[in-house]
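Working notes, structure below.
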């Protein structure tokens with residue numbers, strides 16, 4: 001059965017519909033995003049719960065409750081506390097390189113399965129933790145799961161989706177990340193009220209729920225046609241899968257392009273060595289720059305530490321957790337809007353709109369906190385609400401642009417022969433700077449105080465200019481034909497050569 005939306009790309013080159021089969025497959029795969037978002041959101045919530053801090057981080061608990069001499073900006077400054085949050089991303093950074101090999105050699109599906117299994121074990125350890133070592137080891141296993149899932153899921157979604165709607169399908173990963181953050185915030189708000197002080201255990205253990213869906217669901221996922229062709233020359237099997245996911249028997253044009261791309265890829269024996277070649281320079285730059293820019297928007301400060309940040313400006317535990325719920329709702333809603341608009345307006349326009357919506361609130365929040373929040377006390381109720389509104393606008397801007405598009409663009413621009421290696425670089429850079437931001441933010445907040453928002457705002461200005469000058473539009477371009485956008489771009493064609501150069505090379509031969 002198919003949803004009646006015809007998916008034809010570039011002059012009807014590929015035929016097909018959005019089938020229920022591809023929708024369900026994509027939803028199961030994108031569950032990896034829910035776990036990623038849940039793990040991001042849950043850490044900030046539990047680290048603002050007093051029973052959790054008292055058990056695992058007594059020094060922070062003492063500063064928060066009894067030390068009146070410590071600045072508002074410095075009460076949560078603890079390397080052990082940030083290690084709890086950031087250990088997940090160190091593990092993910094290392095795991096994603098192993099995931100690259102598994103994805104390339106065995107396929108996308110095994111990587112998703114390994115990620116789901118690691119999530120399950122990590123969630124169980126976190127919920128049952130009796131000491132700091134058990135707690136952090138559980139986070140490390142969650143990081144292994146995140147490393148495998150973030151490496152394989154965006155590739156899976158890009159390869160199985162129809163070209164015309166690839167942006168929306170790939171964006172389902174970021175939508176699931178937003179849903180995961182929102183779910184974590186809602187659960188934290190509820191578990192904080194449990195008498196006896198053990199609600200944090202539920203918060204940490206509930207990561208097992210989406211992990212179970214991913215692990216069991218992955219057993220029934222089809223491998224992508226790209227992967228089948230690349231691994232065992234299973235052209236007939238790939239054709240059957242392609243016919244099933246496209247809802248039509250006429251898939252020969254797309255199949256021929258996949259076979260051609262696979263043949264090129266098989267000639268590449270060392271993808272990490274080949275990606276540094278001049279012809280892949282745009283993809284290499286994007287695989288590093290885009291995930292770096294995503295992290296220096298400052299969004300993970302809000303995702304990791306929203307309740308901590310709201311406590312810094314003077315809100316209580318319950319009010320801080322509810323404020324995090326509000327920002328989570330805004331983020332999910334804006335991601336849904338982006339999903340609707342991405343294949344209509346294109347990637348570049350959404351990047352520009354998001355940049356404006358992030359830059360202005362950050363400047364205003366920095367000004368308000370600099371003028372109205374000292375080292376002691378808190379903001380007045382009116383200013384506190386204003387800061388919350390501005391943070392919501394900022395989150396909406398990110399969720400409309402860099403949040404989902406950071407995965408969409410990097411999931412669609414890499415040719416098959418370097419796709420796994422490039423995605424590993426993308427995920428590794430993402431994890432490295434996620435770890436770095438998580439590890440140093442509380443120290444930066446302590447030293448820069450309100451200036452931290454001007455710091456992030458400067459980066460937002462820079463990355464918006466980067467998109468304007470260096471990122472071409474990828475809307476509606478088939479994934480196996482994506483190399484042409486660089487040969488037509490005013491800057492990149494000087495490096496990789498123009499379309500005319502490519503045609504002349506083909507005519508002249510070797």
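Positions of Cβ are set from backbone N, Cα and C atoms, glycine also.
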Matching 80-100, 227-247 to TrEMBL annotations, transmembrane segment lands on 80-100
In TrEMBL, of the candidate ranges 18-38, 39-59, the one given as transmembrane segment runs 18-38
Whether the transmembrane segment (169-187) meets the transmembrane segment (112-130): three or more C-beta pairs under 8 angstroms: no
Other than its close neighbours in sequence, what residues sit by the transmembrane segment (136-157), given a CB gap under 8 Å and a spacing of at least six beyond its ends? 26, 29-30, 32-33, 35-36, 39, 83-85, 87-96, 98-100, 102-103, 108-109, 111-112, 114-119, 121-127, 129, 169-170, 172-173, 204, 207, 211, 214, 221, 224, 407, 410-411, 419-420, 423-424, 427, 430-431
Could you pull out which residues elsewhere in the chain have a CB under 8 Å from any CB of the transmembrane segment (112-130), counting only those six or more residues past its ends? 29, 32, 35, 56, 95, 99, 102, 137-149, 152-153, 156, 201-202, 204-208, 210-212, 214-216, 218-219, 221
In this predicted model, what is the average pLDDT of the domain 'Major facilitator superfamily (MFS) profile' (25-475)? 83
